[in-house]
Amino acid sequence: MSGRGKTGGKARAKAKTRSSRAGLQFPVGRVHRLLRKGNYAERVGAGAPVYLAAVLEYLTAEILELAGNAARDNKKTRIIPRHLQLAVRNDEELNKLLGGVTIAQGGVLPNIQAVLLPKKTGQAAASSGKSGKKGSSQSQEY
């Protein structure tokens with residue numbers, strides 16, 4: 001006989017994604033397709049999408065970890081854009097990488113210039129007894 005047919009044939013192995021082979025969560029196949037369709041180069045090597053997916057996954061995990069810490073510090077269980085902003089701007093390297101990026105609904109970092117803070121005159125206030133109350137501060141309170 002010719003040897004063709006359904007009997008005795010080798011069973012096809014279960015398909016394994018390139019992401020699972022590389023131990024990644026990010027889609028290597030999709031990154032490869034986007035690299036080809038994006039006209040970045042005439043040809044795209046097999047290792048390039050794996051490397052790029054790994055880098056993207058690492059950066060995402062780093063930002064999400066810091067944002068999760070910021071959410072926990074604010075006693076929240078859900079990460080909002082404000083937490084992403086705090087995470088990125090408080091980290092020196094991520095702030096440099098994403099310096100030109102605006103995060104919608106992120107707000108700004110709380111910051112008061114030292115010049116604008118009231119003067120600390122603990123010695124002068126204690127020595128001059130002009131005030132009627134003991135230890136009253138000279139700062140304005142409304």
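Backbone N, Cα and C define each Cβ position, glycine as well.
Listed in Swiss-Prot:
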{"type": "REGION", "residues": "1-22", "note": "region 'Disordered'"}
{"type": "MOD_RES", "residues": "Ser2", "note": "N-acetylserine"}
{"type": "MOD_RES", "residues": "Ser2", "note": "phosphoserine"}
{"type": "COMPBIAS", "residues": "7-19", "note": "compositional bias 'Basic residues'"}
{"type": "MOD_RES", "residues": "Lys10", "note": "N6-lactoyllysine"}
{"type": "CROSSLNK", "residues": "Lys14", "note": "ubiquitin cross-link"}
{"type": "CROSSLNK", "residues": "Lys16", "note": "ubiquitin cross-link"}
{"type": "CROSSLNK", "residues": "Lys120", "note": "ubiquitin cross-link"}
{"type": "REGION", "residues": "123-142", "note": "region 'Disordered'"}
{"type": "MOD_RES", "residues": "Ser139", "note": "phosphoserine"}
{"type": "MOD_RES", "residues": "Tyr142", "note": "phosphotyrosine"}
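Locations of recorded Swiss-Prot features on the structure.
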residue : record               : Cβ within 10 Å
Lys10   : N6-lactoyllysine     : 5
Lys14   : ubiquitin cross-link : 5
Lys16   : ubiquitin cross-link : 8
Lys120  : ubiquitin cross-link : 11
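In this structure the C-alpha atoms belonging to Lys14 (ubiquitin cross-link) and Lys120 (ubiquitin cross-link) are separated by 72 Å. Here the CA atom of Lys16 (ubiquitin cross-link) lies 18 Å from the CA atom of the residue listed as 'N6-lactoyllysine'. Lys14 (ubiquitin cross-link) falls within neither a helix nor a strand when secondary structure is assigned with DSSP, and so counts as coil. If you measure from the Cα atom of Lys16 (ubiquitin cross-link) to that of Lys120 (ubiquitin cross-link), you get 67 Å.
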